[in-house]
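What TrEMBL says about this protein:
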| type | residues | note |
| --- | --- | --- |
| DISULFID | CYS476-CYS485 | disulfide bond |
| DOMAIN | 446-486 | domain 'EGF-like' |
| SIGNAL | 1-17 | signal peptide |
| TRANSMEM | 501-520 | transmembrane segment |
| TRANSMEM | 610-627 | transmembrane segment |
Amino acid sequence: MNMILYLFLSIISISSADELSDFTVVYPYRDFSSASPDQHFVPENTRSATWSFQAENSYPHSCSSPNVTIVLQHGSLPLITPLGEKQPKNAFLDQRWNIGATFIVPTNNISLVSKLISPKPGMWYSVAYLPEGDGKILPADLFVKCVYRIRNWFHLETGHDIEEVSPNKIYHISLQNLAKKILRFLVPLQTYRFQVLLQDCYHGNQTGCPITMETRGHALPGPSNSTVKAQCDPDNTSCVVTMETPSAGAWHYLQLQSHSDNTNNLSLQIILQDCVAMTSYQSGPQLGQCGLIPMLDKFTFNPKFHNKFGYINGSRFEDVLLQMMEGFTQVVPFRIVDAVDNGGSLIVNVQMQDIVAVENNDLQVKLNVCFQKEAIPFGGNQSLCTDGYRGILNSSQGHMKVIVPYPQSGYWFISVQMQCYRLDQNSTVDVQPCGQLSAAVDVSIVTDACSEGGCSKHGRCINYLNGHVLYTTCKCDDGWRGFDCTDGTAVEADGHQLQELLLLTLSNLIFIPAIVLAAYRRYYVEALVYAYNMVFSGLYHACDGGRREDFTYCAMPINIVSHADFLASATSIWITLVAMARPPLQWKGFLQMCGPLGLLIGVMYRRTSAFLFLVPAGVGLTLILVSW
């Protein structure tokens with residue numbers, strides 16, 4: 001009876017929600033701007049999230065069916081590298097808290113289902129793309145244009161049978177036979193470790209804890225590697241589970257699973273270990289402890305995603321300046337806000353400033369720096385940086401720079417710890433007490449569009465609003481790739497670029513014989529059109545082509561020379577066929593003007609259409625046949 005009642009309560013405590021998106025066009029991958037992003041919100045206490053992806057082919061009989069690749073990530077857009085692009089120098093990609101997945105969806109209207117158990121709450125992002133295209137340029141309107149689209153059905157199951165408890169209090173809990181209980185408690189921002197302690201356990205007339213404990217930050221315990229699990233000894237009246245790197249400032253969930261046929265009775269206590277919450281970033285913690293300075297303020301600039309973290313001092317905005325001494329681990333917290341800070345890059349600079357020594361000695365200073373998300377990088381009396389970016393600063397290398405592409409939303413932490421050492425005659429490092437030696441450390445934290453607001457010297461930073469997702473990405477020059485356009489492995493040699501430029505532009509000199517012959521035979525209108533075509537075709541190909549900036553010359557905006565080139569090419573065909581038809585003189589001028597006026601409409605409508613050249617060619621050949 002108890003088991004039936006438990007199952008009934010479990011069913012009514014679970015609710016579900018569905019979301020169906022419209023079809024979105026997906027494109028062959030060239031760079032990140034060609035990917036199709038999407039986002040879905042996962043609420044707290046979610047037991048499972050299911051994505052069902054369906055891809056379709058617009059012309060299944062004429063087009064191939066390539067696979068659509070979809071990548072999921074929590075907190076920000078996933079940085080994908082299908083072409084093997086190199087990451088920026090000093091880049092850091094935090095994979096610890098990701099539960100990402102890559103799906104291959106065939107474009108044959110078959111749905112692919114992926115289910116995540118106990119996903120992290122918040123915004124989940126996805127990007128979809130097709131394999132890289134073959135680069136062929138086919139005339140429009142003569143070949144079928146293959147269009148591939150994708151949509152997804154999003155399903156959530158959320159639980160509500162969760163009790164809230166507070167740390168550092170003792171709770172007496174009764175757990176029914178073979179039952180499961182889920183509790184949650186809020187871990188403060190300054191907590192770097194906690195323990196869950198079960199005591200005075202007994203079940204029925206026996207003592208012991210036949211219980212399994214699982215705890216996890218942000219989300220319900222599940223198959224994620226961030227879940228900490230402890231199998232309690234059924235013959236022992238106490239049990240403990242320790243979370244070494246909890247998610248600071250977040251809800252943590254504790255699941256108790258009974259393995260006894262009798263009711264379990266126990267007392268539960270959650271013990272926190274905290275850093276010292278500093279009231280000012282200029283003060284220092286006690287010896288052997290860590291100190292958490294106040295949460296950083298944020299100054300927002302006019303460009304999108306350009307923000308700076310620091311402290312507001314009156315009307316001034318200042319960077320963080322830490323005064324370091326031996327045995328002090330200082331932690332700098334700041335928060336990345338979704339859709340505000342995570343659409344570009346996060347740049348962290350740590351600079352060692354002045355070193356102050358009370359007495360003369362030959363000691364040198366070393367700073368251990370750790371930069372990571374969610375968890376405070378501190379474990380007892382030393383810095384704990386198993387899942388973050390670790391850097392070491394000293395007298396010879398006093399600067400560290402880290403770039404995070406598309407940083408995930410949430411709390412981030414930077415810890416700094418100071419040590420002193422002396423080099424002996426064999427250049428061996430000998431760690432020594434620092435005494436009264438101190439050092440000043442400047443910490444600069446900035447978010448910006450693309451990579452530090454630009455794309456090196458080989459691309460342009462562009463803002464994209466795709467669906468509901470706003471982000472920035474680099475549009476790299478031909479051959480350059482990567483998040484910041486610094487991967488030049490596919491760049492063509494200078495000689496090849498120059499050869500391409502010369503062939504495309506100088507080949508238009510072939511018009512010169514036609515111009516001379518037309519002028520010699522007094523076909524002045526035809527000579528003018530050929531000259532016009534030669535000039536603007538050369539200007540267009542000198543500006544177009546996707547070559548590097550050193551081999552691109554634009555005398556006019558590309559849109560102007562492009563329209564002029566296509567109009568001149570089509571008019572050259574028309575004017576030549578009219579001349580070959582030899583119409584009466586009173587009709588010749590009329591026909592010569594009809595062509596450009598009609599072709600101008602075609603150029604403005606779609607200049608790449610094959611009919612722009614086929615229509616004047618067909619009408620002109622008809623005039624020749626009628627004339628002959």
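Positions of Cβ are set from backbone N, Cα and C atoms, glycine also.
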In the domain 'EGF-like' (446-486), averaged pLDDT is 90
Same chain, 6+ residues apart, C-beta under 8 Å of the C-beta of CYS476 (disulfide bond), given in sequence order: ASP31, CYS455, HIS458, GLY459, GLY482, CYS485
State the count of C-beta atoms found within 10 angstroms of the C-beta of CYS485 (disulfide bond), not counting that atom itself. 26
